[in-house]
Amino acid sequence: MSTSNEVLLEVKDLKKYFPVKKGFISKKVNYVKAVDGVSFTLRKGETLGLVGESGCGKSTTGRTILRLIEPTDGIINFDGENIVSLNKKELRKKRKDMQIIFQDPYSSLNPRLTAGEIIGRAIDVNNLAKGKERERRINELLDIVGLGARFYNRYPNEFSGGQRQRIGIARALACNPKLIVCDEPISALDVSIQAQIINLLQDIQDEFQLTYLFIAHNLAVVKHISDNIAVMYLGKIVEMADKNELFENPHHPYTKALLSAILSPNPKDKKERIKLEGDVPSPMNIPKGCRFYNRCPNKSKICSEVEPELKDMGGGHLTACHNI
Amino acid sequence: MAESISALKNGEVEIEYKKSSQIKEIWRRLKRNRTAVVGLFIISFIAIIALLAPVISPYNPYEQNLNQRLLGIGARGHILGTDEYGRDLLSRLIYGARLSLIVGFCSVAFGLVFGVLLGLLSGYYKRLDGIIMRIIDILLAFPGVLLALAIVSILGTGIVNVIIAVGIWSIPTIARVVRGTVLYIKEMDYVTAAKALGESDFMILFREILPNCISSIVVYSTMRLATAILSAATLSFLGLGAQPPVAEWGAMASTGRNFIFQAPHLTLLPGFAIILIVYGFNSLGDGLRDALDPNLKNV
């Protein structure tokens, strides 16, 4: 993949706290710290894989970057502009540059519109084309995602999950975005379809110089599609590195545990399986010190006292752990 | 459409999928539902009668003939008999269908205009939700027809005021139904996608969310029509709606009550007409609920 050095997206200390309200007057009693200080940069044409277990804040991170969820705090520099400081009108103009592909192909398409109308709406909202040009563009997009113009007049319920996902991709492509947040785009699909969608995503990335933030929990898929991988745990990035570096030389005990859980196609391959004890702490009540402390196999005294910072361990390999 | 396909495919033969109209699909599913068909048949029957009232009614419904008072069913010249002033009951029933349908449709339309708007706003904007829903709670706290009764007492009797009263009474429940649907729909990914594409709140509300609420609105208003007709008849029965000599089923049942021993059909037949129309709208609404779900195909 062609990766230039130009930074497209820079996220600094992004936070999203959801208030927990209780009682008659909706008093805020607590906060769910879904995203708690996430920072990373994405260069043009690059793919960053964001992995982590359910509820660690991956999707919230992705949606907060697009301001589909309003961030609590932090800076999102996209294409030289701080997205967080834009007002509603400016933001709406900027929206076409950053799109999203969803996990659930069944709820991501309006059941009352045909495939052509869904894509057409994306074109209309941003005034990208009119009349014949608009029709041509819709058919072209249907072709790009491998459906063909004959599907123009069909409703979502006449499509399979994989085909629906293709329409979702065509819709995201319709306004020529620079960044696409892929929010677990393949988790809801059959394995055979997953490969097709991944290939499609890679093809259009090459063709249109797209930058991806690829959210997933399947490590093998993430390794296949990403340039860099960030591992999230309880609202924070605990390790981030080039994909090969991360797979061959993981630093953080959580990353090691995740990697050890990947199944090998070779049954004789006897890998050491790291089993984590305990549960993830509640994001409403994050413990002092390292977030991973209660489950960590090689913790030391400092871990329960001081929260480790994300530090460069050499060659751009960032890790947040005291014991490296 | 056909041109662009052939142009794109360079003459390659492609199966062309026509935009299968969703209405056609709904009609196909509705036809298979026996109760719905019966309901639809009853409603169309009454609607046709109401429409053709001046043509098909044998007598003028207001023409009195004191020589032929309180005739029973099957009397010569008056198939369904006559009332206490000798007016032909069949003609009065036919004209009453007009009034019932008008009152039903107008009051539900009145309720829909405000109910849908309030429901959309309170479902979509969290800030407005608290205020709107509390007002609706207050309206809902009045038991049944009592609210309509109170409104009519304030506005005065008469058919227009009944329409307004029944319409106001319909607002809270319609708003509730719409709000519930909006709360569900706005969490759908396609609404998020619309937001990500840069659609404004107005566009999202009226182009993404409202079309997907239509089915629950249609189903609910069909059922609500039955309630509206029934409560309008109730108000007339209580003497607050249509005033004599207007031919209205509720009012006819009410005046007929005085002669219930000599001529029970004066009360029973208008009552039966009310039952018929209410049953028709209810079963049609039931069938529509099944037919309007776009995710249930070939069921």
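Placed from the backbone N, Cα and C atoms, the Cβ positions cover glycine too.
TrEMBL lists B:36-56, B:99-124, B:131-152, B:158-178, B:217-239, B:259-281 with the feature transmembrane segment. Sequence annotations record features per position, and here TrEMBL assigns domain 'ABC transmembrane type-1' to B:97-285.
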Same-chain residues at least 6 beyond the ends of the transmembrane segment (B:158-178) whose Cβ lies under 8 Å from its Cβ atoms: 99, 103, 106-112, 114-116, 118-120, 122-123, 132, 136, 139-140, 145, 147-149, 151-152, 213, 216-217, 220-221, 224, 227-228, 231-232, 235-236, 240-243, 246, 248
Cβ-Cβ under 8 Å with the transmembrane segment (B:36-56): same-chain residues at least 6 beyond its ends: 30, 94-95, 97-98, 100-101, 276-277, 279-288, 290-291
Distant-in-sequence neighbours of the transmembrane segment (B:217-239), which means Cβ under 8 A and at least six residues beyond its ends: 100-101, 103-105, 107-108, 111-112, 116, 144-145, 148-149, 152, 157, 162-163, 165-167, 169-170, 173-174, 177-178, 181, 248-251, 253-254, 274, 277-282, 284-285, 288-289, 292
